[in-house]
Amino acid sequence: MVASQKFSDAEIDSFGEALNDTKKPLKARFRALFILRNIGCDRSVDWIGKCLNDESALLKHELAYCLGQMQNKHAIPTLVSVLEDEKQEPMVRHEAGEALGAIADPSVKDVLRKYAQDPCPEVSETCQIALGRVEWVEKSGKDTNSPYDSVDPTPSASTSDVEELAATLIDASLPLFDRYRAMFSLRNIKTDKSIKALAQGLYCEDSALFRHEVAYVLGQLQSPVATQELKDRLLLSTENCMVRHECAEALGAIANEECTEILKQYVNDEERVVRESCEVALDMAEYENSDDLQYAHV
């Protein structure tokens, strides 16, 4: 793990400068970001925060995601500022709200309550779920760390009955918090049956936020069982770009020949965030098929 190593300020600054260098390919900037995330110190947080005025919504959303995964309270003012900035793209504001939920400091509850009423559904739904997570962590004294080295937006459900979880997942009458809990349980079960059930969430038309989270979780699983469903939503030009981009990255994580060929077809998509996602996903697929032990080299 990178975080176990000691880095000088100068070394951290070199990664930060690489992240903020707009002349570098996006895939190189992503690798610099992941190194800073794994280091996790305040200086890393500051470098990541400095990049949140970039032109790439994809990069900015990943910056906010990483700040949440680091769970460093030093990032809270930066994330609140991004959430409040209506000029930021919805996918970036959403990720800032989710990151505040991941850090789960009680001080963010008021701002999450405020933006749980935001007119943008991706933002309001995110803040409702994030507030639920902060309150759950407060009440239970536990975190929502997953077997996938990530901080989940909600805990997993208490049942392991795949059919029951599948029904909860696609029930639009239930709160998103409960459906997310079913989602993470299906992921953790990790059978072909649970993955197929999970993939059906990509067809739930009631929430783009929900579909994008399903795609993200399928990327964590890296199972070719879900390839067709991910392909369906990437190919759908009317789909929300948040969902299409997450489908692209999930296909990159699966990294087989079929997925790589799909990504190559969309590397020139009209939507910038989809184009860039395919570029990064192809880089990730190349890594998955290489002998490299670590994606973000130091």
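Glycine is no exception: its Cβ is also placed from the backbone N, Cα and C atoms.
Quantities reported herein were computed from a predicted structural model and do not represent experimental measurements.
Annotation note: His245 (Fe cation 1 binding site) sits in a helical segment as assigned by DSSP. The Fe cation 1 binding site feature in Swiss-Prot is assigned to His61, His245, Glu246.
Note on His94 (Fe cation 2 binding site): other Cβ atoms within 10 Å of its Cβ, all shown chains, come to 30. DSSP gives His94 (Fe cation 2 binding site) a helix state. According to Swiss-Prot, the feature Fe cation 2 binding site maps to His94, Glu95, His212, an assignment based on similarity to another entry.
According to Swiss-Prot, the feature compositional bias 'Polar residues' maps to 143-159. Same-chain residues lying 6+ beyond the ends of the compositional bias 'Polar residues' (143-159) with a Cβ under 8 Å from its Cβ atoms: 68-69, 71, 98, 101-102, 104, 129-130, 132-133, 136-137, 165, 168, 177-178, 180-182, 184-185, 187-188, 213, 220.
Residue counts for the repeat 'HEAT-like PBS-type 1' (28-54) under DSSP, helix first, then strand, then coil, are 24 helix, 0 strand, 3 coil. The repeat 'HEAT-like PBS-type 1' feature in Swiss-Prot is assigned to 28-54.
For 59-85, the entry in Swiss-Prot reads repeat 'HEAT-like PBS-type 2'. Model confidence over the repeat 'HEAT-like PBS-type 2' (59-85) is summarised by a mean pLDDT of 98.
Annotation source Swiss-Prot lists repeat 'HEAT-like PBS-type 4' at 178-204. Nonlocal intrachain contacts for the repeat 'HEAT-like PBS-type 4' (178-204), taken as residues 6+ away from its ends with a CB within less than 8 angstroms of a stretch CB, comprise 129, 146-148, 152-157, 159-160, 162-163, 165-166, 168-172, 210-211, 213-215, 217-218, 220-221, 223, 225-226, 229-230, 232-233, 243, 247.
Taking Cβ pairs closer than 8 Å, the repeat 'HEAT-like PBS-type 5' (210-236) reaches residues 125, 148, 150, 153, 176, 179-180, 183-184, 187, 190, 192, 195-196, 198-204, 242-256, 258-259, 262, 266, 274, 288 in its own chain, all 6 or more past its ends. What Swiss-Prot records for 210-236 is repeat 'HEAT-like PBS-type 5'.
Here Swiss-Prot flags 243-269 as repeat 'HEAT-like PBS-type 6'. Panel annotation: around the repeat 'HEAT-like PBS-type 6' (243-269), residues 58, 91, 202, 208, 211-213, 215-216, 218-220, 222-224, 226-227, 230-231, 233-234, 236, 275-285, 288-289 of the same chain, lying at least six beyond its termini, place a Cβ under 8 Å from a Cβ of the stretch.
Other C-beta atoms found within 10 angstroms of the C-beta of His212 (Fe cation 2 binding site) number 24, with every protein chain shown included. Listed in sequence order, Glu89, Met91, Val92, His94, Glu95 are the same-chain residues six or more apart from His61 (Fe cation 1 binding site) with CB atoms under 8 A from its CB. All protein chains included, His245 (Fe cation 1 binding site) registers 30 other Cβ atoms within 10 Å of its own Cβ. For Glu95 (Fe cation 2 binding site), the number of other Cβ atoms no farther than 10 Å from its own Cβ, over all displayed protein chains, is 28.
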